[in-house]
Amino acid sequence: MCGWPLLVLWALLPATAAGSPGRSYPHRVVLDPEGKYWLHWGRQGERLAFRLEVRTNGYVGFGFSPTGSMAAADIVVGGVAHGRPYLQDYFTNADRELEKDAQQDYHLDYAMENSTHTVIEFSRELHTCDVNDKSLTDSTVRVIWAYHHDDPGESGPKYHDLNRGTRSLRLLNPEKANVVSTVLPYFDLVNQNVPIPNKGTTYWCQMFKIPTFQEKHHVIKVEPIIERGHENLVHHILVYQCSSNFNDSVLDFGHECYHPNMPDAFLTCETVILAWGIGGEGFTYPPHVGLSLGMPLDPRYVLLEVHYDNPARRKGLIDSSGLRVFHTTDIRRYDAGVIEAGLWVSLFHTIPPGMPEFHSEGHCTLECLEEALGAEKPSGIHVFAVLLHAHLAGKGIRLRHFRKGEEMKLLAYDDDYDFNFQEFQYLREEQTILPGDNLITECRYNTKDRAVMTWGGLSTRNEMCLSYLLYYPRVNLTRCSSIPDIMEQLQFIGVKEIYRPVTTWPFIIKSPKQYRNLSFMDAMNKFKWTKKEGLSFNKLVLSLPVNVRCSKTDNAEWSIQGMTAIPPDIKRPYEAEPLVCEKAASPPLHGIFSLRLLTCALLLGSMLSSQGL
């Protein structure tokens, strides 16, 4: 039956056991707390290839879900039963009922089972044009996984019990050329014996001082250092640049982030300069760019923020994870810079309660970019990566780019944003920002479960709407943001007058009577918000004049700071090319041939196993 292909497989068996020939998987992550379920993946043109390695001799389930639950999910189930490989495309309805998909869009490439593990490799198109499949884009994806010790029977897969979970990942973040790190000097930003509380989520902050260098260095790569066994505990790591006006006393201890008693020094650490998220191998700068260290304007103090995810609420965990920063004196052509763009973090950023969808916009105005770039880099700067940032109510973020009233291609987007998964997105092509351009960070929120106003602020229950742009060459511009006018927001709820001069914060309402002597926060909460009122308020806020924030290093200001600007008149919005769906084609011949090889390989593996090989 197998003939000469069996001889080919015999020759290729050592390579095939490690994966199908010619396939590489630049990304990998362990999905379960016990290290039993590993996911590997990589992009191949308009397809995405996956490899699952799971400690089971039954079925392996994998899929994508809009919320991380089983409802309305796109699922594939595969394995090896009685020496034969199988892979089946399923979906679930809103009631979590599993149904076989009439359009089978997942293609099995390789399968293997031994006495302990099942390995399957498969691929699918990014956009299958199947209403029961999820399109795979640059946005965050909620991956769901499951396994069982039995293969499916005639009635389908058995219930997986507790052998299941979910994880947010960005599957299409393009990989960059690796840097050989073994010969590079490095320093570590690592926590020391942090006790992890037995609660679901903990954010731990620790300040560090960057080593003192006698000459300029470039950071060219950052890698995670995750304590062994904690691969599923450490969820993401952010590094913020802090004020340089400190002494080393701020380094004495760490503290829980966003806590009322955290050190005041933490509040000066506002700009994200490094980031890592679970599933990432680290961050590598482009070969012509590096993050400068050792010079007067470079970071001296930084804040390490580590998000610990402990859903099982395990007790007694002690962690010493962090980041390894590789640097070199072989200076690259350009210094990297970071610009924070979006909404200035303040109480003037307001979101009503009970809203299934509410939009906020933060403007990096043409006036700020005209002054800062016009003075420092008239030919423009080049963006190569972006980190999008909101808090728990955030559901989607887009960084839009305008030039002379025409919208350019999106700089970055995440339409399925997850606060618990943040990393820099590499741009597939660098994009140039010129003097006089506009940037808008557009955030979409959901406050259906909230009974009071949501305010801009540092707490995770407060909100932000920010983009961090990695670019070159570095200019003296660290923040390009805006604040909407608060008085016009208050006029919407009927406020007529406040007490002046303003001597208290939040300031106090004078009239009308129903708000008299209330703070503006209390007045906004007293207003009876309905969905209709919320939509009208949203329309108003997006049209308001904004106060320009245009900052240099260490909070120095460009002259445009504090001036009022009008949101841009968008004459021509960007229109992406529509996705054209055609009738699904038949599986390629090489796919059928591959499955024959798979069957032969499994028979051969069974023969070898029976002979003790």
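Heads up, the Cβ atoms here are built off N, Cα and C, so glycines get one too.
Computed from a predicted structure; not experimentally measured.
If you check Swiss-Prot, you get these features:
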- 1-19: signal peptide (SIGNAL)
- 20-587: topological domain 'Lumenal' (TOPO_DOM)
- 35-148: domain 'DOMON' (DOMAIN)
- Asn114: N-linked glycosylation site (CARBOHYD)
- Tyr203: active site (ACT_SITE)
- Cys205-Cys257: disulfide bond (DISULFID)
- His235, His236, His307: Cu cation A binding site (BINDING)
- Cys242-Cys269: disulfide bond (DISULFID)
- Asn247: N-linked glycosylation site (CARBOHYD)
- Cys364-Cys480: disulfide bond (DISULFID)
- Cys368-Cys550: disulfide bond (DISULFID)
- His389, His391, Met464: Cu cation B binding site (BINDING)
- His389: active site (ACT_SITE)
- Cys443-Cys465: disulfide bond (DISULFID)
- Asn476: N-linked glycosylation site (CARBOHYD)
- Asn517: N-linked glycosylation site (CARBOHYD)
- 588-608: transmembrane segment (TRANSMEM)
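Location within the structure of each feature annotated in Swiss-Prot.
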residue : record                      : DSSP (3 states)
Cys242  : disulfide bond              : coil
Asn247  : N-linked glycosylation site : coil
Cys269  : disulfide bond              : coil
His307  : Cu cation A binding site    : strand
Cys364  : disulfide bond              : strand
His389  : Cu cation B binding site    : strand
Cys443  : disulfide bond              : strand
Cys465  : disulfide bond              : coil
Asn476  : N-linked glycosylation site : coil
Asn517  : N-linked glycosylation site : coil
His389, His391, Met464 excluded, remaining Cβ within 8 Å of their centroid (Cu cation B): Ala390, Gly394, Phe419, Glu463, Cys465, Leu466
The domain 'DOMON' (35-148), counted residue by residue under DSSP: helix, strand, coil: 0 helix, 64 strand, 50 coil
Rounded to the nearest Å - Cα separation of Asn517 (N-linked glycosylation site) and His235 (Cu cation A binding site): 44
Position of peak Cβ density within 10 Å, selected from the glycosylation sites Asn114, Asn247, Asn476, Asn517: Asn476
Around the Cβ of Cys368 (disulfide bond), the count of other Cβ atoms that are within 10 Å: 29
Cα-proximity to His391 (Cu cation B binding site), 10 Å cut-off, over disulfide-bonded residues Cys364, Cys465, Cys480: Cys465
Which recorded positions sit within 10 Å of His307 (Cu cation A binding site) - Cα, from Tyr203, Cys364, Cys480, Cys550: Tyr203
Neighbouring C-beta atoms (10 Å sphere around the C-beta of Met464 (Cu cation B binding site)): 23
Cβ-centroid neighbours of Cu cation A site His235, His236, His307, 8 Å, sequence order: Val234, Ile237, Gly277, Ile278, Val306, Tyr308, Asp309, Asn420, Phe421, Gln422
Chain-internal residues, separated by at least six, CB under 8 A from Cys205 (disulfide bond): Gly254, His255, Glu256, Cys257, Met262, Phe266, Leu303, Leu304, Glu305, Val306
From Asn114, His235, His236, Asn247, Cys368, Cys550, the recorded positions whose CA lies within 10 Å of that of Cys480 (disulfide bond): Cys368, Cys550
Which recorded positions sit within 10 Å of His389 (Cu cation B binding site) - Cα, from His236, Asn247, Cys443: Cys443
